[in-house]
Amino acid sequence: MTNMRKSHPLIKIVNHSFIDLPAPSNISAWWNFGSLLGVCLGLQILTGLFLAMHYTADTTTAFSSVTHICRDVNYGWLIRYMHANGASMFFIFLYFHIGRGIYYGSYSFMNTWNIGVLLLFAVMATAFMGYVLPWGQMSFWGATVITNLLSAIPYIGPTLVEWIWGGFSVDKATLTRFFAFHFILPFIITAMVMIHLLFLHETGSNNPSGMNSDSDKIPFHPYYTIKDILGVLFMMITLMSLVMFTPDLLGDPDNYTPANPLNTPPHIKPEWYFLFAYAILRSIPNKLGGVLALVFSILILMLFPILHSSKQRSMSFRPLSQCLMWMLVANLLILTWIGGQPVEHPFITIGQLASVTYFFTILILMPSTALMENKLLKW
């Protein structure tokens, strides 16, 4: 009699994905982030579900309902802050996961990579709509500013914005639909994650050397299951430390003031994980130009497989490309810092320089350096 794990139609899928999956023997801790993102997604859906049980998507009661969750619901404060800080963890891991993909050339798996970029867009949309739900000052003004960007689309822009708002300004209709979308999107994301994994398991995982690892594979369980559990342990320690000691560290104090359409906050800015894109948006004085730069700053990820010009897949043995990679990381950190600063003299120029450098590094410096490395290696 065959093992049920290998014969049962449903369990067989799980077995081929997480148990008997042949994995390269040399994948490092950088390969932990995929599973961590899965855990984060599960955690967000679970905490979000419990929050939705007590939240009311109405402009008059939304803010009070969040206060009620924190004060009156059993461990409501814990659920709320796990959800808010869980989103931050989610994005930290997302950026690490993408960075790993760029460094080790994982973008060569075109299908997996492109679904991944679409996943990034979906997660960003979900996070943006979630930030609107507490209906604080930054929620309201963030929603107003970001949705207004669509008015830059020629001809249909203004109509499109009013259609999204469900009226002539951000109001009750907007909040209700944002809640509906924020609830449904994580399930769509889960389906996309399954497709992401389906494509990945067609090719098998990449590894730090970037070379074919068919000759040296080990079963996913127990080797990488135990490694992933260790990663989850570190993640939970970090998340719970944030939640228990400094739950508002990554939030904005303005969001503790109920939304007031008659009073604009002095500095409208998104959550920290969007600041780099916000800095790129602000660095262009033209509205449509800024919106295009914002979209392209993420969409540019789809060009990586096309721009790859090295004979080697990974950057492990390419010191010049490594320098550029870390330059890009530093550049993104500078953009993140600038995104949180007011639009004043030194910051405007720094933001514009960092934005130009971001696109220049990816589109010109990285491919040309890879070609130079080929020449140096006489390839």
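Cβ coordinates are placed from backbone N, Cα and C, and glycine is handled just like the others.
Listed in Swiss-Prot:
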TRANSMEM  33-53  transmembrane segment
TRANSMEM  77-98  transmembrane segment
BINDING   HIS83, HIS182  heme b b562 binding site
BINDING   HIS97, HIS196  heme b b566 binding site
TRANSMEM  113-133  transmembrane segment
TRANSMEM  178-198  transmembrane segment
BINDING   HIS201  ubiquinone binding site
TRANSMEM  226-246  transmembrane segment
TRANSMEM  288-308  transmembrane segment
TRANSMEM  320-340  transmembrane segment
TRANSMEM  347-367  transmembrane segment
Item to complete: Please work out which recorded stretch in 33-53, 178-198, 288-308 has the most C-beta pairs separated by under 8 angstroms from the transmembrane segment (226-246)?
Response: 33-53
Response to the item:
Checking 33-53, 77-98, 288-308 against the transmembrane segment (178-198) for Cβ pairs under 8 Å, the most are found for 33-53
Worksheet item: What same-chain residues, at least 6 away in sequence, bring their CB to under 8 Å of the CB of HIS83 (heme b b562 binding site)?
Response: GLN44, THR47, GLY48, LEU51
Worksheet item: Considering only Cβ pairs under 8 Å, which range in 33-53, 113-133, 320-340, 347-367 makes the most contacts with the transmembrane segment (77-98)?
Response: 33-53
Worksheet item: Is the count of Cβ pairs under 8 Å between the transmembrane segment (320-340) and the transmembrane segment (113-133), pairs 6 or more apart in sequence, 3 or more?
Response: no
Practice prompt. Within 10 Å of each Cβ, count the other Cβ atoms and name the one among the binding-site residues HIS182, HIS201 with the highest count.
Written response: HIS182
Fill in: C-alpha spacing of HIS182 (heme b b562 binding site) relative to HIS196 (heme b b566 binding site), in angstrom
21
Worksheet item: Which residues does HIS97 (heme b b566 binding site) neighbour through Cβ under 8 Å, counting only same-chain ones at least six apart?
Response: PHE33, GLY34, LEU37
Practice prompt. Taking the Cβ of HIS196 (heme b b566 binding site) as the centre, count every other Cβ atom within 10 Å, in any protein chain shown.
Written response: 21
Item to complete: Reduce the DSSP letter at HIS97 (heme b b566 binding site) to three states and note it down.
Response: helix
Worksheet item: HIS182 (heme b b562 binding site) to the residue listed as 'ubiquinone binding site': how many Å between their Cα atoms?
Response: 29
